[in-house]
Each structure stands twice: as structure tokens, then as C-alpha cells.
Amino acid sequence: MAGLALQPGTALLCYSCKAQVSNEDCLQVENCTQLGEQCWTARIRAVGLLTVISKGCSLNCVDDSQDYYVGKKNITCCDTDLCNASGAHALQPAAAILALLPALGLLLWGPGQL
């Protein structure tokens, strides 16, 4: 099915990046030269705070989503030019503030006061 998006003599174009924390850092375009390749995006979120994004071309892309104790992994595949543009926000502001509150408490009052 992925090959249907390709016309003879053309290649699929996908955004490409490795382990970026912002979708804005994933603007490099990769030329997928093998017939049947798809664009993919992987988002790995650790404890709701930090999201790492990777993108590129793949012959064996499979949509996948897994929840782990410390985070979540999500892989999406698509087969049209630059279809893997969307990413995830690198840091959720409210979650970051909530996560930093205990550390701030330790700095201000010390470990014995918490």
C-alpha cells in the first residue's frame, strides 16, 4: 500500500531527525529511495515531562503504542510526502512546574521540613 503513493521515477519525502526534544528540530527532509518505504515518527515520553522525537524513512514501519511504568512510546507510519510533520510538545509547562515543586521545597526548606 505504501508503494501506491510513489509514482515511477519519484521517491517519497519524509522529515528526518534522531532523538530531538522539539518537533522544530525535525525539519530536515530525507529522500526515501527504496520502493515501499514509509515515513515514520517515534515519540517517547518519559514520565509526562520530556518527549524525544525521531523521524525518517522505513521499509518495516508498524504503527505501535506502548505504555510503560515510566513513560509511553508511540510510533506512527504514513505514506505521502512529508506526512510525518506532526510531533509532540517537548515539555508540558504545567507538568514541569509540578515536577519541580519538590526540588524547590528541598532547596528552600531542606529535607527535614518536607
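Positions of Cβ are set from backbone N, Cα and C atoms, glycine also.
What Swiss-Prot records for 1-11 is signal peptide, and it gives experimental evidence as the kind of evidence.
Swiss-Prot lists 12-86 with the feature domain 'UPAR/Ly6'.
Annotated disulfide bond per Swiss-Prot: CYS14-CYS39 (among others), in sequence order, evidence recorded as similarity to another entry. Under 8 Å, Cβ to Cβ, and six or more positions away along its own chain, CYS14 (disulfide bond) finds VAL29, GLU30, CYS32, GLU37, GLN38, CYS39, TRP40, LYS55, GLY56, CYS57, ASP81, LEU82, CYS83, ASN84. Classification of CYS14 (disulfide bond) by DSSP places it within a strand.
Taken from Swiss-Prot, the feature disulfide bond applies to CYS17-CYS26 (among others). Taken residue by residue with DSSP, CYS26 (disulfide bond) is part of neither helix nor strand, so it is coil.
DSSP assigns ASN31 (N-linked glycosylation site) to a strand in the three-state reduction. Neighbour list (ASN31 (N-linked glycosylation site), Cβ cut-off 8 Å, at least 6 residues apart, same chain): ALA11, LEU12, LEU13. Annotation comment: Swiss-Prot describes ASN31 as N-linked glycosylation site.
The disulfide bond feature in Swiss-Prot is assigned to CYS32-CYS57 (among others); the stated evidence is similarity to another entry.
Taking the Cβ of CYS61 (disulfide bond) as centre and 10 Å as the limit, one finds 22 other Cβ atoms among all the protein chains shown. Swiss-Prot lists CYS61-CYS77 (among others) with the feature disulfide bond.
In the three-state DSSP reading, CYS78 (disulfide bond) counts as strand. Counting only same-chain residues at least 6 apart in sequence, those with a Cβ under 8 Å from the Cβ of CYS78 (disulfide bond) are GLN38, CYS39, TRP40, ASN84. The disulfide bond annotation in Swiss-Prot covers CYS78-CYS83 (among others).
Swiss-Prot lists SER86 with the feature GPI-anchor amidated serine, giving sequence analysis as the kind of evidence. Reduced to three states, the DSSP call for SER86 (GPI-anchor amidated serine) is coil.
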Among CYS17, CYS39, CYS57, the most crowded of the disulfide-bonded residues [Cβ within 10 Å]: CYS39
Cα distance (Å, whole number) from SER86 (GPI-anchor amidated serine) to CYS17 (disulfide bond): 13
CYS26 (disulfide bond) to SER86 (GPI-anchor amidated serine) - Cα separation in whole Å: 10
Least buried by Cβ count (within 10 Å) of the disulfide-bonded residues CYS26, CYS77: CYS77
